[in-house]
C-alpha cells in the first residue's frame, strides 16, 4: 500500500492555534498535516490532568478543520508506527524534542523544522549566564523590540479521510481511580478559548482581577488579584508574545510593568536551567545539600495535608490539594516553613509541587524553591525566614483566605488567626517558630563554615 505523504506537527506545550509557529508554517506547506501531542510525563498528577483535558479540547478544535490529532505516550514505539504508516516529508516543532526521538528521526532521514517555544525571546537569551535578576530584566527590556511578531491563525488544508491512522493512538487515556480532581474540574476552564477570555478580562479590569491593580493586589490573599493564567501559559494555551503585544503600550504603568517582570522571571528560570541543567535537583550552593536535613515522613505528611497548626500554611496546602494552584505569596510562605522551620530540604517540597500544581513547570518550580531556600541564583538570603503569623496578619488581615480553606476556623475571630490558637480551636503547632528558625540558621552557618574549610 502506498503511504500518504504528510507533514507532522509535534506539540508538547503549545496547545493553541494562535501564534503557534510550528502549526502556522506547517499549514503553509502544500501537504496535509497531522498534529502529534507528546507527553513526556515530567510532572505529576495535577499537571497531567490538565494536559489530557487540554489535548482533548484541542482535538475538538482541530476536528472543525478536519485535522487529526494523535496523543503519544510511548514516544519511541508510537513514532516508529507513525513513520511506518505515513511518508513524512517534515516534522515541525517548537519545543525541544527528546534526544532519543531526535536520533530516531534523523536515522529515518526526516527533515526537522525547529521553531521557537512559548517564550518571549526566540533564541537563547545569552551565551553567558546572567546570575542576577535585575541584570536580566535590564537586558530583556533592551531587547523588547527583538521579540518575534505574533503570527496569525494558520490556514489549514483538510486531510483526506484515507490519511487517518484509524483506531491507533488516537484516544486520550482516562485518569483512573478515585475522582480526586473533581474540585479542580469545578474551578478551572481549560483550553485556548478560556485562556484568551481570562486574559481579555484581566486587561479590561474586570471586578477585582485587574492588570492595573496587579502590583497592589497580587499578594492580598482574600482577593483574586492575580491573572490565574499560569497553567494556561505553561501549556501554551495562550502565547506570551501575544500578551506582551497587548500590554506594550501600557508599560509606563507600575502594575503592568510588575506583571511583565513576572513574565521575565519565567524567562529567567528557563535561562538558568539552560546554563545549569542540574538546577532542578541540585542546590547551586553545594553546602546546602550537606545540611543535616530532617527526613521525617510524619512531619512531611502533615505539611502536605495542611495539618501543621499554622493556619496560613495549612490553608495554602489545602488549597493546593483541592484546586492544584496557589498564589505566589502563599507558595513562598509554605516553602519557607517547610525548609526553615521543619528543616526539610527543598527538593522534597519541589517534588510535591510538581505533583500537585496544575501549572507545574520544572524550571520555574526549581527556581522558586531555590530562591526561597537561599541556595540558588539571585536568591533570597537564607536568613530571611517568613513568619507565618506576620504574613497572614499582613496579607490576610481579616482571615478570609484562611477561613475559605480551613472550614473548622470559620467561626474563629480573625484577630485570633494570627497567633497560636487554643487546642480547643485548632491543631497544636507541630514546631515552635523561634526555636526552629534559630536551629536552621545555625545549621546553615555550620554548613557554610565546613564548606569554607574544605575549600
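Glycine is treated like the rest: Cβ placed from N, Cα and C.
Database features (TrEMBL):
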type	residues	note
BINDING	214, 226, 227, 228, 229, 230, 259, 359, 360, 361	FAD binding site
DOMAIN	5-130	domain 'Photolyase/cryptochrome alpha/beta'
SITE	293	site 'Electron transfer via tryptophanyl radical'
SITE	346	site 'Electron transfer via tryptophanyl radical'
SITE	369	site 'Electron transfer via tryptophanyl radical'
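Checked against residue 259 (FAD binding site) by C-alpha proximity, the recorded sites 293, 346, 369 yield 369 as the nearest.
On its own chain, residue 214 (FAD binding site) has 225, 226, 227, 255, 256, 258, 259 as residues at least 6 apart in sequence with a Cβ closer than 8 Å to its own Cβ. Break the domain 'Photolyase/cryptochrome alpha/beta' (5-130) down by DSSP state and the numbers are 46 helix, 29 strand, 51 coil. Ranked by CA distance from residue 346 (site 'Electron transfer via tryptophanyl radical'), the recorded positions 229, 293, 360, 369 have 369 at the top as the closest. On a Cα basis, residue 369 (site 'Electron transfer via tryptophanyl radical') lies 15 Å away from residue 293 (site 'Electron transfer via tryptophanyl radical'). All protein chains included, residue 227 (FAD binding site) registers 22 other Cβ atoms within 10 Å of its own Cβ. If you measure from the Cα atom of residue 229 (FAD binding site) to that of residue 369 (site 'Electron transfer via tryptophanyl radical'), you get 20 Å. Within the same chain, the residues at least 6 positions away from residue 369 (site 'Electron transfer via tryptophanyl radical') whose Cβ sits under 8 Å from its Cβ are 335, 346, 347, 349, 350, 353, 376, listed in sequence order.
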